[in-house]
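To keep things clear, I will list the structure first and then write my remarks on it.
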Amino acid sequence: MGMSSLKLLKYVLFFFNLLFWICGCCLLGFGIYLLIHNNFGVLFHNLPSLTLGNVFIIVGSIIMVVAFLGCMGSIKENKCLLMSFFILLLIILLAEVILAILLFVYEQKLNEYVAQGLTDSIDRYHSDNSTKAAWDSIQSFLQCCGINGTRDWTSGPPASCPSDPKVEGCYAKAKLWFHSNFLYIGIITICVCVIEVLGMSFALTLNCQIDKTSQSLGL
């Protein structure tokens, strides 16, 4: 690989990470917006930090940090930053694989935990504004009512429920949506993993090439 190929690889890795850094900034900004306006509220009171805004902030921050290391490491040809970028991508990839395995193994327990959390949140609907906002947002968006239907609301369904008495429950409708879009979710997940592997490969190749270039120049 000559100097021209090294420059090409360097700029490909730089622009690749610059694009992801911009995406990370957008996710972070959107997360902060959701956190300030708190339109979606808190659904699971056992996990008060598990809100849509916090998820966007955490994911956006991670993408920004990793992409920044990739940008600076490639454009400066800094081996330390490139290896940090490689290691972080490897950790994220391993974490995604472990998470997928845990979700598969403990799917039944997770379903029970989610169902119990939703039941508890329904009991808090009239006493907690944050829970009320969360349920109203979900029911309006998914056009569903309660967990399994209108019968979950002992004092009568709220205004955010559709008027149809045979309307589906939100839990069943969310699972149905997930299963019907499983192929697309799988394709997106595979694409993310492929991008991470490519980023790791580019970083490692560039790091090795910097060593070879330094040796050929006698540095």
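Glycine too: its Cβ is placed from the backbone N, Cα and C atoms.
As annotated in TrEMBL, Cys161 shares a disulfide bond with Cys145, one of the listed residues Cys144, Cys145. When Cβ neighbours within 10 Å are tallied across all protein chains shown, the highest count among the disulfide-bonded residues Cys145, Cys161 belongs to Cys145.
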